[in-house]
Amino acid sequence: MMAAAPIQQNGTHTGVPIDLDPPDSRKRPLEAPPEAGSTKRTNTGEDGQYFLKVLIPSYAAGSIIGKGGQTIVQLQKETGATIKLSKSKDFYPGTTERVCLIQGTVEALNAVHGFIAEKIREMPQNVAKTEPVSILQPQTTVNPDRIKQTLPSSPTTTKSSPSDPMTTSRANQVKIIVPNSTAGLIIGKGGATVKAVMEQSGAWVQLSQKPDGINLQERVVTVSGEPEQNRKAVELIIQKIQEDPQSGSCLNISYANVTGPVANSNPTGSPYANTAEVLPTAAAAAGLLGHANLAGVAAFPAVLSGFTGNDLVAITSALNTLASYGYNLNTLGLGLSQAAATGALAAAAASANPAAAAANLLATYASEASASGSTAGGTAGTFALGSLAAATAATNGYFGAASPLAASAILGTEKSTDGSKDVVEIAVPENLVGAILGKGGKTLVEYQELTGARIQISKKGEFVPGTRNRKVTITGTPAATQAAQYLITQRITYEQGVRAANPQKVG
């Protein structure tokens, strides 16, 4: 059986070659994280079979499959590998890419991947471009896996080498999906292994974000570089797959029925893919906001004529979601005729993630309403949840104001120098923090998944000076922080209404 030597821990990993020649031992590498500690060998069969799961752009799938499947059949025959591809339109969440699972020897995995990479590169440049990110999808800009990854200075690395996978042509990228345990081996202790991979290959290697408080089953490795650089990096990554007994634990090629969060295909931004599986139904999004409708809110200031294409689809998807859980579109002041509204809702059916679009639409509404000065008067109707408006007003004596924002006063807002990141701090009464956290912290996790923002709450007993309020810090892009702030505000408003209707719950 083919095996690979682990990198020994000697305190100086950077620059240590990764041996591709098979030694006689399968001893576990010391840099493996705790969750990779199991010795159960599930990645290989009796014939030294391993698994490699990669993403293939939909535009390149046809050339890989060939007419009537002839190309892929011939490829399997020549390499001895088994190749499975997700069905047409069955894309990896948040992308238009199909999932390909390759099973075979190490040589077969490398050969098949080399063929796939070549086919992707052969596509015309006007087709093989980086997937666009919707302006309605909030993204954070956190350094992947909190590892300070600088492009290594190496004879194989030049200024022309890709330094940012988000701006690199898809033709020069490789995307590999690995179990969380394998991701730990690829990173290594303190990031030593991934740095060694970059130094030896000249490629840029990044992993999708590792979330706090919840474990993803898989993570996505993005390799960016010239063909030979990528080939070398993939060989080194396959070596780590070879070393991990759990590397064959996630062999699904369809994510249509996967429950729970799925790793983002991009190395920056939220750890989670922009997928309906994170929040599978409109009802789930409604639950985050509380049971309500938007009756009586101020007119929505957006002008739909300013949007086209995918943006319009995302917006109409949001409208569809809003309508599905009782929001009255006529009260939004969108200026849509009955016929236009019907058409918009029909178009929304094609959306992959209407729940997230709805949250962003609400965030946009909150932003626009605030900019127009509608919150200046502190009236309950501005952000009131319709039927809860009166109940919210009834709590004014307890919280000190009519606006739900008063229960989450803004302490301060900071922007990064390039304007790509905001940090918003708000104060929330101690007895309302539980509404934001949810049972076992579930609500807080869902808010972060939905918006892409990072939300932190000060520890119990740590209050804003002179108050009994806890500090909530929201970090992310302007869109992400706005969406998260709005969700928190609406949740607090809902809780206020519930407590006003049931005074025994207060305190």
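From the backbone N, Cα and C atoms, a Cβ is placed for every residue, glycine too.
According to Swiss-Prot, the feature compositional bias 'Low complexity' maps to 150-169. Feature annotation from Swiss-Prot assigns domain 'KH 1' to 49-116; the stated evidence is sequence analysis. What Swiss-Prot records for 171-237 is domain 'KH 2'. Residues or ranges marked as domain 'KH 3' in Swiss-Prot (evidence: sequence analysis): 421-488. Marked as phosphoserine by Swiss-Prot on the basis of similarity to another entry: S154. Residues or ranges marked as region 'Disordered' by Swiss-Prot: 1-44, 139-171. Positions annotated as region 'Required for RNA binding' by Swiss-Prot, on the basis of experimental evidence: 419-503. Among the features that Swiss-Prot reports, motif 'Bipartite nuclear localization signal' is placed at 27-43, with the record citing sequence analysis.
When pLDDT values are averaged over the domain 'KH 1' (49-116), the model yields 94. Taking H, G and I as helix, E and B as strand and the rest as coil, DSSP gives the domain 'KH 2' (171-237) the counts 34 helix, 18 strand, 15 coil.
For the domain 'KH 3' (421-488), the number of residues in each DSSP class (helix H, G, I; strand E, B; coil) is 32 helix, 21 strand, 15 coil.
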